[in-house]
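Structure first, then comments.
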Amino acid sequence: MDFLSHAMLSRSESTQILCELSQIDESTMDPQYTEDDVLARLFVFSSSSPQTVLNVKKYEDVSVGRSNTCNYQLLQFTASYKHFRVYSVLIDDDMDPLVYCEDQSSNGTFLNHRLIGKGNSVLLSDGDILDVRHCASFLFQQKYTTDNDFHHEYAGERFNITQRLLGIGGFSRIYMAMDNNTGGQYACKIIDKKKISTKRFFEDHEMTILRKLDHPNIIKVNMEYNSETQFFIFEEMVTGGDLFSYLTKLGTVPEVTTLFIMFQILQGLKYLHEQNIIHRDLKLENILIASSSDTIFRIILTDFGVARCMQKGKRLSTFVGTPEYTAPEIQRLKGRSQVEKENSSGYGKEVDLWSLGVIMFLLLSGNSPSFADGVKEKQVDFRDPVWKSVSRQAKDLISNLLKTNPPDRFTVKQCLSHPWFARHSSRLTKLYETRILKPLKHSRL
């Protein structure tokens, strides 16, 4: 059978599904689920079995394939042992859960007639149809809040900006956008110029910085667009959530997983600092996960809204960042007049390393750092029982990152030379090349 005939058959099957849907008892389609932990549902249509409903629950994957361990087993040999999985990401309590489908198959999983591709994940929207051709089709149903403030001035032809809200920031909202040429999904950050002090704030800083960045551990910008009152940044769709949702799910992150997470963050920071760029707002929410299917995943630094390019010999003196992650030298600027700030010693790249120490402490313990009085300065408090299972090297690295005196704080280079990384250096490098760089290069061809 040629490709066209195959595609026509699939469309015919989908049409048949839609006909069957019109005959379904509406009570079974009620979006008000009886179970609190049910986030969405998949209605299964197959000629070889009766209609089935699969519930997508909080922190539970729904797997489909030939394996008898799958939530829904496909009997046809054209299906893969593990064909696809549906999983959810909960960003925070104020946001609707985001539900994704990861294609794990050799023969392909199709979303609304478009091939997803093995190893790729897509965001699912209410009414989407997943197809495992010649096996079964799955209608996705999810009730989510419609953004009443949705409005945009994008007049370009390449993208269609949908009302699927992915995130909310101080000056912006992030929506799902579709590439009209390829059907690919993107995250569109819409910045409201009326909410910022000057129109040049983001245009001169965030986009100036993002335009010249090209690194596996830094968010990739595909396009930008400028209108009278809005600024648009079209970024790669990242489908694994962020480190905050990841930590919330696990409670604490195993040390071996934290090791590779920290290694990647440092690769991104090394790249930024070599170009004299300071992020200034590193936190769990601004570090994304490319995929949640494994303990080995790509880490992506995002949100460069307050990032700055440092001029040689100059220090920064603006009070910015998130208090929980902010370095002491930035905290000391709070409440000071502009003259006092300018006369202060300011701060530099060291602030990103303090934030990194807070992140590492949070990942390993699930709590924010606390300090005990020391002889010369406050010491990181590791008395909580959770630290008994954490290595001495990991705690030593945290202590060197959370030095209140900036010159005493570890640099990126010192971090990567620390025994916690150094004793695993060759393995970390190989893992980074084979599991991060190689797949990414292949996906961007």
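Just so you know, glycine gets a Cβ as well, placed from its N, Cα and C.
Within the model, the domain 'FHA' (62-116) shows a mean pLDDT value of 94, rounded to a whole number. Per Swiss-Prot, the feature domain 'FHA' maps to 62-116.
The domain 'Protein kinase' annotation in Swiss-Prot covers 160-421.
Taken from Swiss-Prot, the feature ATP binding site covers Leu166, Gly167, Ile168, Gly169, Gly170, Phe171, Ser172, Arg173, Ile174, Lys189. In the three-state DSSP reading, Ile174 (ATP binding site) counts as strand.
In the three-state DSSP scheme, Asp281 (active site, proton acceptor) is classed as coil. Taking all protein chains in view, 20 other C-beta atoms sit within 10 angstroms of the C-beta of Asp281 (active site, proton acceptor). According to Swiss-Prot, the feature active site, proton acceptor maps to Asp281, an assignment based on sequence analysis.
With respect to their backbone Cα atoms, Ile174 (ATP binding site) and Asp281 (active site, proton acceptor) stand 18 Å from each other.
In the three-state DSSP reading, Ile168 (ATP binding site) counts as strand. Same-chain residues with CB within 8 A of the center of the Leu166, Gly167, Ile168, Gly169, Gly170, Phe171, Ser172, Arg173, Ile174, Lys189 CB atoms, the ATP site residues themselves not counted, are Ile190, Ile191.
Its Cβ placed at the centre, Gly170 (ATP binding site) has 9 other Cβ atoms within 10 Å.
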